Amino acid sequence: QLHSDQDKGDGSLKYILSGDGAGDLFIINENTGDIQATKRLDREEKPVYILRAQAVNRRTGRPVEPESEFIIKIHDINDNEPMFTKDVYNASIPEMSDVGTFVVQVTATDADDPTYGNSAKVVYSILQGQPYFSVESETGIIKTALLNMDRENREQYQVVIQAKDMGGQMGGLSGTTTVNITLTDVNDNPPRFPQSTYQFRAPESMPPDSPVGRIKANDADVDENAEIEYSITEGDGYDMFGITADKDTQEGIITVKKALDFENKNLYILKVEATNTHVDPRFLYLGPFKDSATVRIQVEDVDEPPVFSRPAYIMEVKEDVPINNVIGTVTAQDPDAAKNPVKYSVDRHTDMDRVFNINSGNGSIFTSKPLDRETLLWHNITVIAAEINNPKQSSRVPVFIKVLDVNDNAPEFAMFYETFVCENAKAEQLIQTLSAVDKDDSYSGHQFSFSLAPEAASSSNFTLQDNRDNTAGIFTRKTRYNRHEMSTYFLPVVISDNDYPIQSSTETVTIRVCACDHRGKMLSCNAEALIHPTGLSTGALIAILLCIIILLITVVLFAALRRQRKKEPLIISKEDIRDNIVSYNDEGGGEEDTQAFDIGTLRNPEAIDDNKLRRDIVPETLFMPRRTATARDNTDVRDFINQRLKENDTDPTAPPYDSLATYAYEGNGSVAESLSSLESVTTDGDQDYDYLSDWGPRFKKLADMYGAMDSDKDS
């Protein structure tokens, strides 16, 4: 209550209030100065209110005393329960942890005044989760309370923690929260095979790196703690098989490392070991983290193709070997127990020219054509070996045949030599150096010898000097040459090699006599140039040109006349009975030509020879043209034509290659006989057309028409 000394109780003064909550939370009686609260006050919302009060003249509104300030403090009571910072806590710890291992810390707050009594003093306790976990009452730290908790037995735990104020005393307020605790995995379980022995079957034709089977060792751990490595520790198939781990399924995949052979060994026994990749040393006392099992692999027999004694064959043969001479042998055997016989052949895709052949029984390869090392040094062919009883079982092997050189090529000039000699040349003057080449191969190097041919050695105007280095020089024998007497010399040179057998050839060097200056530079080699220095006259050139034109016109006319000229008929005598034969190079008159012999009767199908060759395609096999026999004078026309027709039909080399189709012969008629109604008027009785209904939908209209006619007659 507020009271002013100026208040005489006559109602001339009034009290006014301002500040925090004035007029809302707090009101004042303007006559008595009593201050009252209108609502319930909450310290947690606002603990202190500052108000200002003043007494004023009711009539004038002027203050009669200075303004007074006072503070209202709210005293706390325990009206707020503890609240956790999270509704749900999530935590995890490794399995097999020691007792007292820290898990998580929970925190609860109380909105009450911590300085006033125990309203804000919080104490923690565990309501659910014992005996696995415990909580410190003052700090809220949750710890493990049980030793060797195993994730494989139980992985999830739910713990309920209570926070109570008033120091946990009776009458205090409380709040709870849930803590979800997960045990994480550690490698505390070794891998274990579910069975001690595994059995698999593998065909002997299985290629390397093919899977034979899968085995799996179980591990109760997860993720990287369950990763397993597999290995073959011992067994008679240690080097024949391998095993790898599938990272997705943790299975061991047994694969073939080498080719299997049923005839050699049909059973393998392996010992396979499974080991954890990541081992935790803390749990080694639980035992070795590995396990082993026995794997038995049975090899199955299959029909295998023949196997060659070598993966490839290399043979050598001289290029002068005779045809059908054996150059080598390939050998293949059936690896199966049956030992089926083998047949050999050459893959013709690798020997298109059929240079080689093979004995199908013993595999000996021999030549079928001459060889030439200079044309082809290596022949690479493929030989096929197949079982006679089952040709699908076959195998191939490459055969490399090297053709060895023999001295079968004579040396020859390295180029065509055409040189000249000056008219004013001196004796013993070098005019040309010669060199030679040889297609043959010489292991010690070629050595050629040069000499003049015997017919030119004594009478030649030139000499030849062998330089003994596979070259030779041509020298002049006399002092001067006259190109008007001899403009060109042909000098035969004999070239020989030193291999066995010795090969030699005669090459010709062309030497022209030319006019030269004093330095030996050629000026002219034409002997007629000095005789007619001015060349041909204009009239002579025109005459030569006219002769050439006339000659060309004559050739063109001759060719045109020859193309238009018709051949004479085979028989020109009017009295000869064969005068109506048409020449095959004449076109004829077609169907309107009634004067010629009617050959339609010759095309009767019953008279056609079935053995005639086709004329509409080019014959595959070429035959030598045959000489036509001369017809006898008294031969009948039909026999004559039949004879010539047969000869031309059976001659595949005679053009043109066309097809002759004659439509003059009607044929034997339809199997269903005539469908025409024209013939029906001549018959004595009525026709029965019911059979038309049996001919299908194509004759339905015709059956309806004639069926209707029969109905009209009946009516």
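Each residue's number is its place along the chain shown, starting with 1.
From the backbone N, Cα and C atoms, a Cβ is placed for every residue, glycine too.
TrEMBL lists 4-84 (among others) with the feature domain 'Cadherin'.
Residues or ranges marked as domain 'Cadherin' in TrEMBL: 85-193 (among others). Residue counts for the domain 'Cadherin' (85-193) under DSSP (helix as H, G, I; strand as E, B; rest coil) come to 3 helix, 47 strand, 59 coil.
Residues or ranges marked as domain 'Cadherin' by TrEMBL: 194-308 (among others). Restricting the average to the domain 'Cadherin' (194-308) gives a pLDDT of 90.
Sequence annotations record features per position, and here TrEMBL assigns domain 'Cadherin' to 309-413 (among others).
Positions annotated as domain 'Cadherin' by TrEMBL: 413-523 (among others).
Look at TrEMBL and you will find 540-561 tagged as transmembrane segment. A Cβ distance under 8 Å defines the sequence-distant neighbours of the transmembrane segment (540-561), meaning residues of its chain 6+ beyond its ends; there are none.
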Per DSSP, what is the helix/strand/coil residue tally across the domain 'Cadherin' (194-308)? 10 helix, 57 strand, 48 coil
